[in-house]
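A.B. asks: Structure provided below as structure tokens; questions to follow.
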Amino acid sequence: MTKKLHIKTWGCQMNEYDSSKMADLLASTHGYQLTEIPEEADLLLLNTCSIREKAQEKVFSLLGQWKLLKEKNPELIIGVGGCVASQEGEHLRQRAPCVDVIFGPQTLHRLPEMINHVQGTHSPVVDISFPEIEKFDRLPEPRAEGPTAFVSIMEGCNKYCTFCVVPYTRGEEVSRPSDDILFEIAQLAAQGVREVNLLGQNVNAYRGATYDGDICSFAELLRLVAAIDGIDRVRFTTSHPIEFTDDIIDVYRDTPELVSFLHLPVQSGSDRILTMMKRAHTALEYKAIIRKLRQARPDIQISSDFIIGFPGETQQDFEQTMKLVADVRFDTSYSFIYSPRPGTPAADLPDDVSEEEKKQRLHILQQRITQQAMEISREMVGTVQRILVEGTSRKNVMELAGRTENNRVVNFEGTPEMIGKFVDVEIVDVYASSLRGILLRTEDQMDLRIHESPQSVIARTRKENELGVGLYQP
């Protein structure tokens, strides 16, 4: 009888990536098949996020529901991973004894052994260590699920912003070898992937080893990824302003595969608050980066993160944030009311901004950015946009839908063979959350660049260094 696995994922795109790898790994080692119904599962996994307030309480609330399932089926295995698991460790089992497996973001590759341990000994296992890059060497080959794919290039963060738990839950920055990344992307391209999104907590800090012992910078990696035949669109997230160097900006100038859209978190427009956050840059320095980016790529759109109501934030601080929003003309944002995270320096600061004031400020900021986004959408009417067709439209199954470089959904009339390919459309109308387009040309009529085939990358000879890290050599 087929064993079934249910995974509940909370949090960022990195968590989504990790969960997909867990599913592939356990399918290859134990034959687990995914199910959306927890009651059907033989194994329940919760991949957690600790960025937002009350993350732990959400975890224990769901575990309370899963406990009832385990009472009905004592053979059911329950595992908790991700950042809350990394933070809580053994304490998590003290509050929820029904949990059998506790693993951190860097130890998900050990899940098969942990599950075998539970099945063989009927005793729990906890592994929240930080074994650096080992996780990537033990995960199964990538599997494409449509024309877009996420690829993790690094883990962790060294910045220790005062509000953030990432360095404590995912560890410090560790970069994957560049050849491993290119090999994975070439495999995905061979399966029909056309767009890759490079993932990391701080991708522009990437410094990966090459097969000849050199170091590959993030700018170099972007060019190498863009050169793989079949990969015609490259994205990345997330970046830190202090490492957004000129060589990365130069890639925007000469590499058309890199999209005209950038998510660059700033958090606040107030230099005083930025200092308290330990962001290590000013609002003016942030704007200087954006100015240079727009010189290199005039049509680039910018999104960002904002924390509203950070301890000590005054009305003047908030007004400076709103000035930055207008000056940069952000297209979209992930904006939240500040919530203290246990163990971070900011958690010890007096939170002297009222909840009502925080909510009001957040509403003002989100309303302004929504207004700017609509203005940008209206400016796209009459322009020609290249979109990657992802499938049928959610609004009309007789139509297709795809995304522009700046992440707008475009609905248009087309034929099924266009799915997974690029088309050029003219934007003719704007709606609240999408655009309307008219087909102008298909991929067969485009002059897409070809540099290196996926097969030529895959054909490289694999060698392993003394640490067992795979290297690929021509």
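Just so it is clear, glycine is given a Cβ too, placed from its N, Cα and C backbone atoms.
Not measured: the values here are computed from a predicted model.
According to Swiss-Prot, the domain 'MTTase N-terminal' annotation covers 3-120. Taken from Swiss-Prot, the feature [4Fe-4S] cluster 1 binding site covers C12, C49, C83, and the record attributes it to sequence analysis. Feature annotation from Swiss-Prot assigns domain 'Radical SAM core' to 143-375. If you look up Swiss-Prot, you'll see C157, C161, C164 marked as [4Fe-4S] cluster 2 binding site. The domain 'TRAM' feature in Swiss-Prot is assigned to 378-441; the stated evidence is sequence analysis.
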A.B. asks: What does DSSP assign C49 ([4Fe-4S] cluster 1 binding site), in three states?
C.D. replies: coil
A.B. asks: Determine which residues of this chain, when C157, C161, C164 are set aside, have a Cβ within 8 Å of the centroid of the [4Fe-4S] cluster 2 site's Cβ atoms, and list them as they appear in the sequence.
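C.D. replies: Apart from the listed residues, the neighbours are K159, Y160, F163, V165, V166, P167, Q201.
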A.B. asks: Using the Cβ centroid of C12, C49, C83 as the reference point for the [4Fe-4S] cluster 1 site, which residues of the same chain not in that list have Cβ within 8 Å?
C.D. replies: W10, G11, M14, N15, T48, S50, I51, G82, T169
A.B. asks: Across all the protein chains here, work out how many other Cβ atoms are within 10 Å of the Cβ of C157 ([4Fe-4S] cluster 2 binding site).
C.D. replies: 23
A.B. asks: Using the alpha carbons only, what distance in Å do you get between C49 ([4Fe-4S] cluster 1 binding site) and C157 ([4Fe-4S] cluster 2 binding site) once rounded?
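C.D. replies: Cα of C49 ([4Fe-4S] cluster 1 binding site) to Cα of C157 ([4Fe-4S] cluster 2 binding site) measures 16 Å after rounding.
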A.B. asks: Please report the distance from the Cα of C157 ([4Fe-4S] cluster 2 binding site) to the Cα of C12 ([4Fe-4S] cluster 1 binding site), rounded to the nearest angstrom.
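C.D. replies: Answer for this pair: 15 Å between alpha carbons.
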A.B. asks: Please list, in sequence order, the residues in the chain of C161 ([4Fe-4S] cluster 2 binding site) that are at least six apart in sequence and whose C-beta is under 8 Å away from its C-beta.
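C.D. replies: In sequence order, Q267, M277, K278, R279 meet the Cβ cut-off.
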A.B. asks: Roughly where does the domain 'Radical SAM core' (143-375) sit in mean pLDDT, to the nearest integer?
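C.D. replies: Averaging the confidence scores along the domain 'Radical SAM core' (143-375) gives 95.
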A.B. asks: Identify, in sequence order, the residues in the chain of C12 ([4Fe-4S] cluster 1 binding site) that are 6 or more apart from it along the sequence and have a CB within less than 8 Å of its CB; answer 'none' if there are none.
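C.D. replies: Expected: C49, I51.
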A.B. asks: Sorry to bug you, but what's the C-alpha spacing from C164 ([4Fe-4S] cluster 2 binding site) to C83 ([4Fe-4S] cluster 1 binding site), rounded to the closest Å?
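C.D. replies: On Cα coordinates alone, these residues lie 12 Å apart.
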